[in-house]
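Asker: Attaching a single structure in structure tokens format; questions to follow.
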Ligand SMILES: NC(=O)c1ccc[n+]([C@@H]2O[C@H](COP(=O)([O-])OP(=O)(O)OC[C@H]3O[C@@H](n4cnc5c(N)ncnc54)[C@H](O)[C@@H]3O)[C@@H](O)[C@H]2O)c1
Ligand SMILES: O=c1ccn([C@@H]2O[C@H](COP(=O)(O)OP(=O)(O)O[C@H]3O[C@H](CO)[C@@H](O)[C@H](O)[C@H]3O)[C@@H](O)[C@H]2O)c(=O)[nH]1
């Protein structure tokens with residue numbers, strides 16, 4: 001099939017390259033000329049394992065093209081995917097004004113039946129507003145082309161996005177007629193050959209599903225963090241509780257890891273946006289509000305734990321930091337717990353030497369290149385040289401089994417604050433570390 005993907009950001013690139021990989025002909029459009037020029041030279045503004053190779057292969061196979069020409073992309077395609085980012089403002093529903101403006105632009109170039117598919121996280125009701133905008137523009141043009149609006153929520157995770165897209169657990173399609181449902185099933189058939197379901201539903205339900213999935217997972221994480229805080233008082237072991245809980249097949253092992261809480265734009269904004277959606281229709285979503293509050297508190301508890309160990313005297317102390325990104329296998333630091341932790345300790349006078357395999361550049365931009373309170377290390381051991389303690393914010397795989405003797409010899413004092421519960425406390429104590437993790441029993445006075 002011929003597809004246009006509008007918005008060559010993270011989701012646009014994944015969508016365009018994966019559809020091209022399945023043999024479709026895809027034009028990926030962005031209004032940012034520099035971005036398109038870079039993509040033509042295989043220079044990506046996002047890091048995602050395997051994405052560059054996928055783009056290279058499909059461009060060379062003449063199935064994937066990049067362009068700034070929206071009109072040609074729309075005219076040449078049957079299906080137009082919207083992969084833009086709506087404007088998010090704290091405490092409000094995302095602003096989709098410019099989203100609708102792009103839909104209007106698309107309508108100006110409709111030259112026959114087209115399907116306009118939304119893949120972005122947008123407020124409930126956006127599909128209906130897209131339908132209205134397109135119909136109005138066609139009326140202004142005085143043409144009567146048929147069109148359908150589809151909601152195709154994206155569930156990929158950063159770091160495993162290609163695998164998630166190519167082998168989805170399920171495909172959810174929101175639409176309002178049989179013809180377009182059949183077309184979407186045809187498009188996705190190659191991705192679900194192992195009998196994964198394609199679930200067809202109405203537009204509003206499909207819009208709500210994306211928020212619901214993210215909010216459910218976020219709630220699972222906050223539930224575990226709440227339990228960890230109870231463990232910190234009772235002395236129960238949160239890591240064993242996780243194993244005991246997860247082996248119940250009704251609960252499952254995934255998304256039960258306690259820690260610094262969830263980060264990244266999608267969970268944080270998603271939960272807040274679902275709260276906002278509920279409030280605008282007069283419902284108070286108490287569980288979701290608790291999910292978000294526990295998540296924010298988790299970072300505060302970690303900061304307090306570090307601060308209390310040094311009797312709140314952090315001035316001039318240097319900490320080694322492992323992990324800046326909000327999760328492994330990404331360079332994304334948006335809503336990363338690491339930033340909150342570092343900022344709060346920095347305000348108390350602490351200094352940092354940080355290591356992250358991908359996110360150092362983004363962090364340097366965030367904290368400022370001339371910020372002398374934080375420097376960046378070439379490797380994970382250099383980060384802890386002469387440090388008062390190691391702080392772990394992200395569970396990159398390389399941090400899971402470090403050389404503890406080397407670590408100990410390079411730290412000034414063998415103290416670890418682990419925000420991701422990577423290690424066995426007993427083992428680390430035997431090795432001579434003071435080891436603090438999420439849910440560890442607090443010392444009684
Ligand atoms: N990042 C994720 O993990 C993820 C996962 C699932 C869904 N989503 C959703 O997908 C959407 C896109 O997210 P993203 O991370 O790819 O955003 P992004 O900001 O990386 O990409 C948006 C792209 O659209 C381009 N753009 C903006 N206006 C345009 C216009 N008028 N014409 C053409 N191009 C235009 C921008 O230049 C940018 O390249 C969001 O709603 C997000 O919530 C993201
Ligand atoms: O047991 C766990 C699992 C995750 N996390 C944290 O939760 C956050 C989100 O992790 P993850 O879901 O793996 O990353 P995302 O790439 O943000 O993916 C989420 O957001 C995407 C965009 O909406 C959706 O497509 C995905 O389905 C959804 O998992 C990260 O900060 C993780 O460190 C935990 O604290 N404990």
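Note: Cβ is positioned from N, Cα and C throughout, glycine not excepted.
I grabbed these lines from TrEMBL:
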type	residues	note
BINDING	30, 35, 334	NAD(+) binding site
BINDING	210, 255, 256, 257, 258, 259, 263, 327	substrate binding site
DOMAIN	320-425	domain 'UDP-glucose/GDP-mannose dehydrogenase C-terminal'
Asker: For residue 334 (NAD(+) binding site), what residues in its own chain, 6 or more apart in sequence, show a Cβ-Cβ distance under 8 Å?
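Answerer: Once residues fewer than 6 apart are set aside, residue 334 (NAD(+) binding site) is near 263, 264, 265, 326.
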Asker: Measuring Cβ to any atom of ligand 2 with a strict under-6 Å cutoff, which of the binding-site residues 255, 257, 258, 327, 334 qualify?
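Answerer: Among 255, 257, 258, 327, 334, near ligand 2: 255, 257, 327.
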Asker: Check each residue in the chain of residue 259 (substrate binding site) that is at least six apart in sequence and keep those whose C-beta is under 8 Å from its C-beta; list them in sequence order.
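Answerer: Within the chain, residue 259 (substrate binding site) has Cβ neighbours under 8 Å at 225, 298, 395, 419, 420, 421, 438.
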Asker: What is the interatomic distance between the Cα atoms of residue 210 (substrate binding site) and residue 30 (NAD(+) binding site), given in whole Å?
Answerer: 24
Asker: Tally the residues of the domain 'UDP-glucose/GDP-mannose dehydrogenase C-terminal' (320-425) by DSSP class, grouping H, G and I as helix, E and B as strand, and everything else as coil.
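Answerer: Summed by class, the stretch gives 33 helix, 19 strand, 54 coil.
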Asker: Please check each of the binding-site residues 30, 210, 255 and report the ones with a CB atom less than 6 Å from an atom of ligand 1, ordered along the sequence.
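Answerer: 30, by Cβ distance under 6 Å.
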Asker: Which residue among the binding-site residues 30, 35, 255, 257, 258 has the fewest other Cβ atoms within 10 Å of its Cβ, if you could check?
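Answerer: Counting other Cβ atoms within 10 Å of each of the binding-site residues 30, 35, 255, 257, 258 gives the minimum at 255.
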Asker: What does DSSP call residue 35 (NAD(+) binding site) in the simple three-state scheme?
Answerer: helix
Asker: Return the residue, from the listed binding-site residues 210, 327, with the maximum count of other C-beta atoms within 10 angstroms of its C-beta.
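Answerer: Of the binding-site residues 210, 327, the highest Cβ count within 10 Å belongs to 210.
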Asker: If I restrict to non-local contacts, at least six residues apart, and a C-beta distance under 8 angstroms, what lies near residue 256 (substrate binding site) in its own chain?
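Answerer: Sequence-distant Cβ neighbours: 220, 221, 224, 242, 245, 246.
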Asker: Out of the binding-site residues 255, 257, 258, 327, give me the one sitting nearest to residue 35 (NAD(+) binding site) by CA distance.
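Answerer: Considering only the listed binding-site residues, the nearest one is 327.
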Asker: Record lists 30, 35, 334 as binding NAD(+); longest Cα-Cα distance in Å?
Answerer: 22
Asker: Summarise the model's confidence over the domain 'UDP-glucose/GDP-mannose dehydrogenase C-terminal' (320-425) as a mean pLDDT value.
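Answerer: On average, pLDDT over the domain 'UDP-glucose/GDP-mannose dehydrogenase C-terminal' (320-425) sits at 97.
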Asker: Hey, how far is residue 255 (substrate binding site) from residue 30 (NAD(+) binding site), Cα to Cα, in Å?
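Answerer: Residue 255 (substrate binding site) to residue 30 (NAD(+) binding site), Cα-Cα distance: 34 Å.
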Asker: If you measure residue 257 (substrate binding site) to residue 30 (NAD(+) binding site) at Cα, how many Å is it?
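Answerer: One finds 37 Å between the Cα atoms of these residues.
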